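Novice: One structure, pasted below without further comment.
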């Protein structure tokens, strides 16, 4: 997300009193879109920079490990992109493919996987952007990439917040959960989360644009005057509504759930149901905890840079990119967590990767049952054909 749109009135990039307006962009997008909360997507000090030399050069000394940083970032982004896209699409596939996976919790997981898949799909653009030190993809893709990052940030945390409330209802109010926790309601809530996220995603899409700066093209956000006010207001709003408030809601929900689980030995009257309930609750808790761990550094970093001037050093640049990479890494971790923490996901992943004869037979029978429901006349024909084949086999079978 373009963290640092360049103010229109910035005139002297050597002015020590205004370093935030001239500091080099953090790479693939400071909040890039992670980077868009603190910088544009283009890094004038990237590996292909033009070092003007002298005190007025916006780049650090030539000896800085920009090429090593670029290679490391591209390698990390490539891994996150491949694992994230494959893993999240696999999660969505098994939820759509297997009827037993269409539970309320898994519908929320589908929404989370969709947001993560969209976010990881932007990484190739960001890698090229950082390597070239300019944004070569045009204004339309600039708008799409930046808005996807904001959509992912808000939709992911809203979905995790919804999952925590859903777990709270399942554990603390099991009777009410029977009416509320349905796949249909979960789909409606998912749509609402995307609509609410549009409150920030759509404005950001209109604000995103490309600008020429120092011989390169930046993919950045533009703000009205005074620029510093609207830019910092955006950062603070994102920090509050996409991090602080959801984390507080999640903390309260899990605090109440822990008290409930400690005070009651059996929640549903069945040991098996209780075991599944606790297992799912534990899985959601781990997913939420990993999300908070991965996203806390970038949120803290951005809010500090909005309030305090941080000198541009190699350590600052490396730590900034580490925070960005950590945020994107979360998008590829969730499928791994599901595979280790949920037996149903683990079984479905195994059947997808290594199909067994029994699994293939189950899939074929499921297709036949679906065709039976959709085409009754065809189903009757299939039944007659099967009956004729059975008679033929009986007639041609060797005598004992």
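Don't overthink the numbers, they just go from 1 along the chain as shown.
Backbone N, Cα and C atoms are what each Cβ position is placed from, and that goes for glycine too.
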Novice: Check each of the ranges 334-338, 339-343, 344-348, 349-353 against Swiss-Prot and return the one annotated as motif 'NPxxY'.
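Specialist: Going through 334-338, 339-343, 344-348, 349-353 one by one, Swiss-Prot flags 334-338 as motif 'NPxxY'.
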Novice: Are residue 67 and residue 307 on one side of the membrane in Swiss-Prot?
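Specialist: Residue 307 and residue 67, as annotated in Swiss-Prot, occupy the same side of the membrane (identical topological domain).
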Novice: For the transmembrane segment (186-207), which partner among 143-165, 280-306, 315-338 gives the most CB pairs under 8 Å?
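Specialist: When the Cβ pairs under 8 Å are tallied, 143-165 comes out ahead.
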Novice: Determine the mean pLDDT over the topological domain 'Extracellular' (307-314), rounding to the nearest whole number.
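Specialist: Averaged over the topological domain 'Extracellular' (307-314), per-residue pLDDT gives 80.
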Novice: Who are the chain neighbours of the topological domain 'Cytoplasmic' (166-185) in space, where the CB to CB distance is under 8 Å and they lie at least 6 residues beyond its ends?
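Specialist: The answer is 102-105, 107-108, 253-254, 256-257, 260-261, 267-268, 277, 280-281, 284-285.
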